[in-house]
Every structure is written in structure tokens, then in C-alpha cells.
Amino acid sequence: MINYNKKTLKDVDLKDKTVIVRVDFNVPIKDNKVIDDTRIVQALDTIKYLIEQNCKIVLLSHLSRIKSLEDISSKKKSLRPVYENLKTKLNNVKFLEENVGYDVVEAVKQLKHQEVLLLENTRYNDVDNQGEVVKKESKNSPELGRFWASLADVFVNDAFGTSHRAHASNVGIAANISQSCIGFLVQKELEALSKLTNNPQRPFVVILGGAKVSDKLKVIESLLKSADQILIGGGMVNTFNKAKGYHIGKSLFEPEMLETAKKILAEDKDNKIILATDQMVTKASTITDIKTAPAGKCVFAKDEAENEDFEALDIGDESIKTFKSYIAKAKSIFWNGPLGVFENPNYERGSYEIAKAISESDSYSVIGGGDSAAAANQFKLADKFSFVSTGGGASLTFMEQTVLPGIEAIQSK
């Protein structure tokens, strides 16, 4: 069991200090406007506390992935829209369209106490001036980490969503600065998820969806030891159903994961894994985009002919009923991954019914970020859960009981 006993904001003398904060402002942007500012809002508690401590505050974040010079020169992945949003929420916010070099050093020097400076997308450093993909941020370049660390007295990691990665903007800074701590958001995340890994109230029920078994393999293996039931839907159930010898038509699955799926099912001696066995399907040959696929019919995987022209896009009524019966008895619940193509009204029912059942239960319930959080928001049910994590991959890594490098790098109490 991993217990993170890390310094928090309250454990460090921050008065009048220059503080560099890794935030997660990786938000959706359309037409140069932020269309969902949840992550910006969630960072405000930490930023406002630092303002109260009379700090000079430097903010770092990534936005999307940077794969070419075009990604930079087009400014489509610039944090400027984030700055425009942030300055409606805070006074004294500045933005610099750079994050390394002389201008950055000067801008930080000129910062006044209680001012906030947002630097440009950290991943601009993943491509050099010649267009070569060098991944200085994503591969934790020591030189980059040292530069950012040199700007401040204290480093605060408040980006839970990237804490499962060792980047220059989290691990790199922490390794090169004399004081580091976690922010309020990361603190909340660790406390909320720890309730599921440290003696959870039982029954402890896990619902896993999404497309790939490969993404969830480690978490399934870990949760087989700690959970009472693991309910599996979404695209990943196709690989398990295929491994059981059921027919899945033309549904997407991972051929390279079939043997692993068989092994997991064989190791499940206590029958903790409950698979969605009926699904809502549509004619595979007519699908151009799953998000606009027409309504289909319900089929049971074990009854279908092998080469039938169908693709499963949601769990069916029987599976919904079975899953809801386990959810009703649960005292702790972790949900990661939608159970169908919830963006399509014809295939949102599985995710909606399960989200609604969890929201109505008396259990301690956590959504593990990512698409399941997006689904809960779409159904206007997110506020009915005990906690909604900001990190899909990071929450899974935490539930795997694997070390989160971005947290591990922070000084212990």
C-alpha cells in the first residue's frame, strides 16, 4: 500500500516567496475560447491561497500534444485563451508567449507580490526550432527542469492529471528546487482516492468501461485483490467476451489482448468479474461514425452467429439490470470509462443508467476522471458523486497501487 505523506501548502513557509505552480489547464478550446473551464476553476483555491500569502506566482501547464512546428506557429495550442478565461476570475494576471529564456527570467523578476504570470504551453519544448520532435518536456529534460526551478523559491504540484508522468514541469522542477509541496487539488485527490485503496467500505464495486483492455490491464489485476466486484462494459468487454468464446460480430476488440483476457478470467477464482453479456448493436457495414450511428437492437454475445454484421455500441438491458443490482448493495464505488458511446443519444443509455444508479446510492463514489467524468457532466449527475477525479490516467495509476512520479518527487513531511 502506497501512502503519500507529502508536504502540503500549509507545511511550507510561503510568505512573500516566488512560487512556481504546475497546474492542469489542459482544457477544451474552440474558436479561441475555453469551452469547459472546470480545470481552471479547480486550480483557483491554490492560486488564491498563494495570493493571500503575498507570493509572486508563476503558472505552468501543458495543452494538448505538440508534434510539429505548425502546432506552435498556428497558435492553436497556445494558452492565451486560458489566460483570457483566467483573468475574468483573478486580478493581476499576466501572460507571456514563452516559457524559457531571457524574457521569462526578466518577466519573473519584474513580477510584483500577489501577481500571477502564466507562461506558455510547456509542451512547446517537445519540438525544437528545426521541427525535430525532441520531447524535452515529456521526457523530463534535466536542463528544462533546472531552468524552471531557477525561477522560484518553492514548487507546488497541483496538476494531478499529469502526476502519473515524469515530465520536466513536475519531476524535473521538484528535483532541482529546495522546497516543494502539493497543492489543495492534489491533496483532495489523494485523500479521496485513498479511501478506496486503504480499507474501503464493503462491498467495494468497480465499474470499468472505455475501449481498451490494455489501458486497464494493471488496474484489473490490482483490483482483483481488493474489490468485491468488477463490472466490465464499454468496448473493452468485447475482448473479454471473445476470450470466452462468445461471438462479437464486427465489434472492436484487441486481438493481442485475448490471451491476457483469458488469463485474467482464469485467475478470477472468486467470480468477481461480471461481464456485460448483452449489448446494443447496429449494422457494422453502415457505420461511418459511431457518434452518429443509428439505433440498433439488443443481442446476447453468446447467441450470435460468428460473422454477423453488427457492432456493439452500448451495454444492453440485462447488463444494466445486473450492474444496478451490485451498485445498489455497494458501500464504495469506483467508475472509470463509459459503458457505451455516450456521445450518441442512441447509445448513451448504459452510461446514463449506471451513472444514475451510482448517484442515487448511499455509497462513497468516485469517478476516475476522463470520459466517465464527461459522461456524468453530460447527464448533469457529476455533483451527485462523492468525488470526481481530474485525472483519468492518474486515477487509474493510483488505483493500481503504482507510484505516481509527479507526487513521489515532492518532499515528504
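Just so it is clear, glycine is given a Cβ too, placed from its N, Cα and C backbone atoms.
On a predicted model such as this, the values are computed, not experimentally measured, just so you know.
ATP is bound by LYS216, GLY369, GLY370, ASP371, SER372 in Swiss-Prot, and the record lists one more residue there from GLU191, GLU343, GLU348, GLU353, which is GLU343. Per Swiss-Prot, substrate is bound by ASP24, PHE25, ASN26, ARG39, HIS62, LEU63, SER64, ARG65, ARG123; the candidate from ARG146, ARG165 named for the same site is ARG165. Counting other CB atoms no more than 10 Å from each candidate's CB, the binding-site residues ASN26, SER64, SER372 peak at SER372. If you compare Cα positions, ASP24 (substrate binding site) sits closest to GLY369 out of the binding-site residues LYS216, GLY369, ASP371, SER372.
HIS62 (substrate binding site) sits 22 Å from SER372 (ATP binding site), taking the Cα positions as reference. Long-range Cβ neighbours of GLU343 (ATP binding site) (same chain, at least 6 residues apart, Cβ-Cβ under 8 Å): LYS291, GLN378. The distance from the Cα of SER64 (substrate binding site) to the Cα of LYS216 (ATP binding site) comes to 22 Å. GLY370 (ATP binding site) sits 20 Å from ARG123 (substrate binding site), taking the Cα positions as reference. Secondary structure from DSSP puts GLY369 (ATP binding site) in coil.
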